[in-house]
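Pulled from TrEMBL, these are the features on record:
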DOMAIN    3-328  domain 'FAD/NAD(P)-binding'
DISULFID  Cys41-Cys46  disulfide bond
BINDING   Lys50, Gly114, Thr143, Gly144, Ser145, Asp313, Met319, Leu320, Ala321, His322  FAD binding site
BINDING   Gly180, Ala181, Gly182, Val183, Ile184, Gly185, Leu186, Glu187, Glu203, Gly272  NAD(+) binding site
DOMAIN    347-456  domain 'Pyridine nucleotide-disulphide oxidoreductase dimerisation'
ACT_SITE  His445  active site, proton acceptor
Amino acid sequence: MSYDLVVIGTGPGGYVCAIRAAQLGLKTAVVEKRATHGGTCLNVGCIPSKALLHASEAFEEASKHFADLGVIVGEPKLDLRKMMAFKDEGVAGNTKGVEFLLKKNGVDSYRGTGRLAGAGRVEVIAEDGGNQLLETRNVVIATGSDVTRLPGVAIDEKVVVSSTGALELANVPKKLVVIGAGVIGLELGSVWRRLGSEVVVVEYLDRVLPGMDGEVGKQFQRILSKQGITFKLSSKVTGVDVGKKGATVTVEPAAGGEAEKIQADVVLVAIGRVPYTDGLGLETVGVQTDNKGRIQTDSHYATNVTGIYAIGDVIAGPMLAHKAEDEGVAVAEILAGQSGHVNYGVIPNVVYTFPEVASVGRTEEELKKDGIRYNAGKFPFTANGRAKVNHTTDGFVKILADADTDRVLGVHIVGADAGNLIAEVAVAMEFGASAEDVARTCHAHPTLTEAVKEAALAVGKRALHI
Ligand code: FAD
Ligand code: NAI
């Protein structure tokens, strides 16, 4: 078969790229080795984790908060199998949706491992060993990422699990040790704590969520500690010994010192993800990677080999589904002769715990490092009417605006629904808005969005409700 474009991998980057390319009239095929489309995100990432976060939050609400609202339901019981079935149903609905969309847009699907087989050729190797050769003018590599392994610690997905195993535990572990206080550790740590686990998070650095605004990290850690998660910061895991029942985790201070042993039923390794290029045959065509194994691309997603492009987790930048999707659209448009583009300065980042954490743009630490003068406006949810009545007063909105131009440079939110609240400021930033623009926009009352408006007012030192 001969195509304008073959996309390898149908995660959020690959499937969106294929749909956009087909919309633009390119004869397009996708190659996917997994049984279902949707990649890490839909199968073992964003979607199943959000399903469990939603269900476990409902369980916690029913256990701890319903009575405050005058809703008496008695002691809720956990049916973990049912909860997992709810999650699986959500995954199936989404992956089938992608299959439908690919068909609807006339994209051909090939099941198997895609391998670069020389200029303009992709070999599809099926699970039974059979193979097919596709001729194509262009290839987009969208093969995503895989779990970072901790040297000397074998993941069996039963006792020592990655995020994939942590999304399908058969029982609630009495004690869960999480290695890494990043997004996965805190989201999945929250799930299992809500369902009854004692959760200890071991983090190498002296803070949680590195890369996010420092003040956000501090407050968020305090909130999670209040919820019952224990943190061991500035600590490294030097060994995990799996026994007959559970595992013994050896933890040392990061700077060196006396080791301690923690007994755990399950250990979750969540120390990051690495680009996935196994079996792709990059070497056969000479596609260059960097020192982290990421495929190197220019600003048009082109690799060093003519006709081969790459997007998503397998290239540099934040490993986020929406970043991969936007790159998919951009590269499809570039291949169709348009001017596809992604604004990397305005990519929101959300942690879907309770409360949520959301940020877009620059952190205070980054602005200070770059010597950019800014004004900060901060507004706590304790002063927001809707948050007060809902009993969701943990957290704040912080807006950072250029001291000279008032242009919004970064927004950081800890609070209920922060992931939705961040969208309005992302749009504002895309339009080059000032804090004054956000402050003068009428926000509905009573909503949590008023905290965003108040933070914008606070940039000019004229918040109304604090
Ligand atoms: P992937 O989604 O990884 O897809 C790559 C696909 O390529 C896979 O289906 C793979 O099977 C296939 N493939 C690989 N090699 C080949 C080959 N040679 N031939 C054929 N097929 C191949 N991001 C968010 O934005 N929000 C979230 O809430 C979120 N939650 C997450 C939760 C977890 C637990 C995890 C692990 C990740 C989460 N992420 C989240 C990150 C998100 O999943 C990734 O950023 C996103 O999936 C990257 O998309 P991608 O298209 O680049 O790659
Ligand atoms: P991460 O990079 O977010 O966090 C890893 C953490 O582990 C860091 O805090 C790091 O300092 C720590 N660490 C590294 N080595 C360690 C060691 N040896 N001992 C102790 N701590 C160690 O990575 P994570 O949580 O695994 O997630 C991977 C990626 O998946 C994220 O970067 C994110 O891009 C994506 N993701 C996004 C989500 C979202 O958008 N809500 C949800 C889940 C994942």
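First residue shown is number 1, and so on along the chain.
Cβ atoms here come from the backbone N, Cα and C positions, even for glycine.
Long-range neighbours of Gly182 (NAD(+) binding site) (same chain, six or more residues apart, CB within less than 8 Å of its CB): Val208, Leu209, Pro210, Ala270, Ile271, Gly272. The 6 Å Cβ screen around ligand 1 retains Thr143, Ile184, Ala321 from the binding-site residues Thr143, Gly180, Ile184, Ala321, ordered by sequence position. Proximity to ligand 2 at the level of Cβ atoms, with a cut-off under 6 angstroms, picks out Gly180, Glu203, Met319 from the recorded positions Lys50, Gly180, Leu186, Glu203, Met319, His445. Across the domain 'Pyridine nucleotide-disulphide oxidoreductase dimerisation' (347-456), the DSSP tally of helix, strand and coil residues reads 41 helix, 33 strand, 36 coil. Under the DSSP three-state reduction, Ser145 (FAD binding site) is assigned to strand.
When the binding-site residues Ile184, Met319 are scored by other C-beta atoms within 10 Å, Ile184 scores highest. Ranking the recorded positions Cys41, Lys50, Thr143, Met319, Ala321 by Cα distance from Glu203 (NAD(+) binding site) puts Met319 first. Put simply, Cys41 is the one of the recorded positions Cys41, Cys46, Gly180, Leu186, His445 whose Cα lies nearest to the Cα of Thr143 (FAD binding site). For the domain 'Pyridine nucleotide-disulphide oxidoreductase dimerisation' (347-456), the predicted model reports an average pLDDT of 98. Ranking the recorded positions Cys46, Thr143, Ala321 by how many Cβ atoms sit within 10 Å of each one's Cβ puts Thr143 at the top. In the structure as shown, the Cβ atom of His445 (active site, proton acceptor) sits within 10 Å of 10 other Cβ atoms.
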